[in-house]
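Chemist: Okay, handing you the structure first.
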Amino acid sequence: MRSSSPSQPPSIKKAHRQAKRRAIRRRRIDLQCGCSIYFHIDCTGHGFTHRGIHHCTSGGEWRVYLGDSKSPVFQDIQSRGPAIHQNEDIPCTNTVQPQPEESVASPQSLPELPSLDDFDDSFWVNLFK
């Protein structure tokens, strides 16, 4: 009885050529700041941070880029600045975090160590005997 499978396996080169011609499947994300970002379809479930705001692929901001006249291009966005403080009830504080001043004293975790000049000469003589 004849085998149903061919004696030679099909060439992978044909599949590679077709894959190169195929368009890259990606989604377009239109953010509130006016920026548009594209990400690969297989990258769902991953988040990213843009201008200090974290975005997740499960949110409602994701839209499929369809192209031509159906493209979700939003031209009504006036501001391209980051919208970090949207609630006016919350005062906008200084974004620079103050750093503690440096001091010449020992850190709290280390006890005060004596100066090497305070040791007697006999200490050094006995140390190096």
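Note: Cβ is positioned from N, Cα and C throughout, glycine not excepted.
Swiss-Prot feature annotations, pasted as is:
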{"type": "REGION", "residues": "1-21", "note": "region 'Disordered'"}
{"type": "COMPBIAS", "residues": "1-12", "note": "compositional bias 'Low complexity'"}
{"type": "MOTIF", "residues": "13-28", "note": "motif 'Nuclear localization signal'"}
{"type": "ZN_FING", "residues": "33-50", "note": "zinc finger"}
{"type": "REGION", "residues": "84-114", "note": "region 'Disordered'"}
{"type": "COMPBIAS", "residues": "92-109", "note": "compositional bias 'Polar residues'"}
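Locate each feature and note its surroundings.
Modeler: Each residue in the motif 'Nuclear localization signal' (13-28) has a pLDDT score, and their mean in this model is 79.
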Chemist: Using DSSP, break the zinc finger (33-50) down into helix, strand and coil residues and give each count.
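Modeler: Its residues divide into 3 helix, 9 strand, 6 coil.
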Chemist: Please work out the helix, strand and coil residue numbers for the motif 'Nuclear localization signal' (13-28) from the DSSP assignment.
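Modeler: For that range the per-state counts are 9 helix, 3 strand, 4 coil.
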